[in-house]
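Quick notes on the structure that follows.
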């Protein structure tokens, strides 16, 4: 629980909107760092550089990649091999059916489906509501718009956990409407909309779309919604992409909130179900490993595909001025 | 004359009408978002404070109990244990989580090869659902067949009970947490390092500064702002630690009970007492708000 970037990030310039002056790399050559090229490419420095590079590579492989390899590979061991006091680096036995057993018998399939439903539904509803707010604040500029924005941004300063108890009670009995959202997808979807960071990023991006463009469309008789749909949204694809990735990843990774509001095992997310299954002794440990691996695959895939946006968004979040 | 006034009046009225219509339109776009903020962010904040002075039983209406919730939590011997553990966790997490990312980012930044690999590898654990890292380490920590004790045996060191001994439980939790989260800080440092103007290093080199002096007098001063920001963010994040103690050592283990675990205990396990949980949340909120305010101050001054 050290730095969980998209949850409480710095007020950021949206990555896609970052001014082009940052791209210094294109102005020729390598950026100068602590050591110069000559120090690294000659004599003793060269040897030292390759030694350090190898050591760092091995260190990263062992610390960050190996645990994942361990997870995927130990799931295919037989339970006997798995539990022997000297763990085997390469599985001697090979039982890929463990993955299928976990999927069917541990009902990972069900929880996987739940989580996917929560992530995609939450993504859709967040995008609709957050784009609506950002568009109105940026382009329609209503009265008290600044107050609304201020109230939303103020919530960034509230640590989520401090609101956990009252938010839980709110979900059990939503004021005015009187709904009980426990064990329903809405218990994850609606609170997810209250994410000021996404609204801020979207608004900052919309602000940079010239008003003339929208005015001329309005003169041609396009309504507010039409302008949003056919002009603003197509221009905003990059920022919509970043916001989408972050909201899907956040729901997939979330733990404590779904733990509280989805107590019925049938409705649980993969993370909460794995936590519950791990605390019972009936589940074979190899199947649990397979479950962990299955829960990780979508995030690994998302990361490998969108790593530029994710790392770029993170870097932009840390750079100000 | 009368016609002109009437014309002006209709013009005014239509302008006013359009203004109202525009505002209605804008608020229609924002209605869903505002409702969600009101219900799940603004209202719970107020409700949380009120609740800390109330008692609820889900049967009758909530009733006022004055400061009883607060005296109840102060009387709980776990109260001070939880705060002490939280501070120990935050402190230990800073020792690892603050300096390791800094060192890693400086190393990666000097590498002329495999930079992309290093960046992806360090951030991969951050992408995984937290429960995956925690349960994976549960197997590594297993005193019987776990990987860590195998390694310790292999290099001839004494084995450890890891999460199952009160002397090593906390450090074990910090290790998982650091492994799972240091990627974010590392990449932020890396971005900051890449924006340090190369001229500074060249000038220092011309002045005959050694690599060590360049690190101390160019690199670190240039990173001062981001170091302060990440320090504050990390304190705020680690004080809310929950999943590691919840899954690895349980909610009733006094060695590792933290503030968040205690809030969870009050509300959902032992006591079923939402008033006490709300009172504890208010205290946590006040402490975190202090760090948030400093953070806000620091980042605003920079603008």
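Using the three backbone atoms N, Cα and C, a Cβ is placed for every residue, glycine included.
Keep in mind that what you see is a predicted model, and the values were worked out from it rather than measured.
Summarising the annotation, TrEMBL assigns transmembrane segment to B:24-43 (among others).
For B:83-295, the entry in TrEMBL reads domain 'ABC transmembrane type-1'.
Per TrEMBL, transmembrane segment is recorded for B:87-108 (among others). Under 8 Å from some Cβ of the transmembrane segment (B:87-108) lie the Cβ atoms of residues 115, 118-119, 122, 170-171, 173-175, 177-178, 181-182, 185-187, 189-190, 193, 215, 219, 223, 227, 230-231, 234-235, 238-239, 241, 258, all in the same chain and six or more residues away from its ends.
Long-range contacts of the transmembrane segment (B:120-141) within the same chain: residues 104, 108, 147-148, 162-163, 172, 175-176, 179-184, 186-187, 243-244, 247-248, each at least 6 residues beyond the stretch ends and with a Cβ under 8 Å from a Cβ of the stretch. Marked as transmembrane segment by TrEMBL: B:120-141 (among others).
Feature annotation from TrEMBL assigns transmembrane segment to B:169-192 (among others).
Annotation source TrEMBL lists transmembrane segment at B:223-243 (among others).
Sequence-remote contacts of a segment are chain residues at least 6 beyond its ends whose Cβ falls under 8 Å from one of its Cβ atoms, and for the transmembrane segment (B:274-296) they are 48-49, 51-56, 65, 68-70, 72-73, 76, 79, 229, 232-233, 235-236, 239-240, 259-260, 262-264, 266-267. Positions annotated as transmembrane segment by TrEMBL: B:274-296 (among others).
Same-chain neighbours of the transmembrane segment (B:169-192): 85, 88-89, 92-93, 96-98, 100-102, 104-106, 108-109, 119, 122-126, 128, 130, 133-134, 137, 141, 162-163, 222-223, 226, 230, 234, 237-238, 241, 244-245, 248-249, 253, 255-256, counting only residues six or more beyond its ends whose CB sits under 8 Å from a CB of the stretch.
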